[in-house]
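Novice: Dumping the structure here so I can ask a few things about it.
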Amino acid sequence: MLADFLHSYWMYCLVTVCLLPSLWISLFTLAQHLLHYTTHRLQCYVVRILVFVPIYGVITFMLLCIQSAANVLEMLRNIWEGLLIHSFLCLMMEYCGGETACGAAISRDPAVIKHAWPVNKMRFCGLNEDIPLNVGFVKRCRLGTMQYAFVRPLLAIFSLCLQPFGLADSAIFSIVYTLIVNFSVYLALYVLGLFYLAIRKLPGLARANCIAKFFALKMCVVFTFYQTYAIIWFSALPYETAQLFGTFLVLVELPLFAILQRVAYDIGEFKNAKPIEIDLGTLPTEEKPAPPIASKTSFWGHVMGYDRDDLNLATTPEGLLSMLTNAKSALDISDMFRDLYYSCSERYRQHSQLLAYESAPQEVDNEAPESTPKANFAEFEKAQAAMTQDERAKPLSRLEFL
């Protein structure tokens, strides 16, 4: 009965009815952020998160229609899913002023946190001990989410390469693949949770609406991920039918995900705000977003995310050009590869710790560095290369390396 419905005309009608409003809500929310692209350091990550729902919805719908291309489509979907969690952590970090400012702030309060249960009950590798909070902690959290952004697409590509040889469907590969993916996503979500516990009291998060943002993320990634596995493992359905049913449920739930994202990433935070750049050494405690200008919208317009002024602006040549330019800037993920280099660079680690040490006695809110730590890194690297080993040892001897 269920198998017949999943291949029926009515099933395709139902998922189409669910897909279209979700695309409207998510794409219009995305268009609003591209039209009112006033804060690049924050909105570049917001755009990367918002673009996930339309990509996820369209590819999932194609999975129902073109089941023969399921492997390629799943690989494309997994690539962006890996970027989602890392983009969310970077967004929270930028709300707190960036890596250095965030590390300096949490080193004073709360200074230390404990691992979550049941990890804090494990008496090996120091998991039952307090975690010191500093720039190194922020860096490890970034690496923890970044690994998922690389592991997810690499495993998908590897699985696709093994498909012609019939190895991707073997039991051993399926078990190894499932274990690696589960460990990777668990690690990414765990460090994301630890990071939030460390920064939750910082004033920079006052306007972030981070609870709603985190809930929307959990629904989009974690809920759909484990829902499909639960249907496959705990139902009596054949594997292909269970997989198809899981895909069908995701499309039915898609309007809910789009509404959650619209509420969590409301454009009112950035609309009509002055273009600003948040220095990595300052906490954005004094920034107050301007209230959005009310436009004439109907009741259903508010429900569906309709805004007449923004819609009219988006259909003009200037609006389209602005959206395309801002989308190109926001979706350029080369910064993630730079972050990977910086996070793994020994000299940049020393540079970050020196900045944190020098700024420790000062109030973070009053800091106003002339340029960002990443911009200074090139000069720092040249200076380090010119210094002798003894000269480098003097300031570094004051630091406690992680």
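Backbone N, Cα and C define each Cβ position, glycine as well.
Note that the coordinates shown come from a computational prediction; the quantities given were computed from them, not determined experimentally.
Feature table excerpt (TrEMBL):
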TRANSMEM  12-33  transmembrane segment
TRANSMEM  45-66  transmembrane segment
TRANSMEM  149-166  transmembrane segment
TRANSMEM  172-199  transmembrane segment
TRANSMEM  211-236  transmembrane segment
TRANSMEM  242-260  transmembrane segment
Novice: Short question: which residues 6 or more past the ends of the transmembrane segment (242-260) have a Cβ under 8 Å from it?
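Specialist: For the transmembrane segment (242-260), the nonlocal Cβ contacts are 2, 6, 11, 14-15, 18-19, 21-23, 25-26, 29, 53, 56-57, 60-61, 63-64, 67, 212, 215-216, 219-220, 224, 227-228, 231-232, 235.
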Novice: Would you say the transmembrane segment (12-33) and the transmembrane segment (45-66) are in contact under the rule of three or more C-beta pairs closer than 8 Å, pairs 6 or more apart in sequence?
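Specialist: Contact criterion met.
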Novice: What residues in the same chain, six or more past the boundaries of the transmembrane segment (12-33), come closer than 8 Å to it by Cβ-Cβ distance?
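Specialist: Same-chain residues near the transmembrane segment (12-33) but 6 or more away: 43, 46-47, 50-51, 53-54, 57-58, 61, 64-65, 248, 251-252, 254-255, 257-259, 261-262, 265, 267, 270-271, 304-307, 310-311, 314, 323.
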Novice: By a Cβ-Cβ criterion of under 8 Å, what residues six or more beyond either terminus of the transmembrane segment (172-199) are in contact with it?
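Specialist: For the transmembrane segment (172-199), the far contacts come to 85-86, 88-89, 92-93, 96, 102, 105-106, 110, 113, 115-116, 119, 131, 133, 137-138, 140-141, 144-145, 147-148, 151-152, 155, 159, 162, 205, 210, 214, 221-222, 225.
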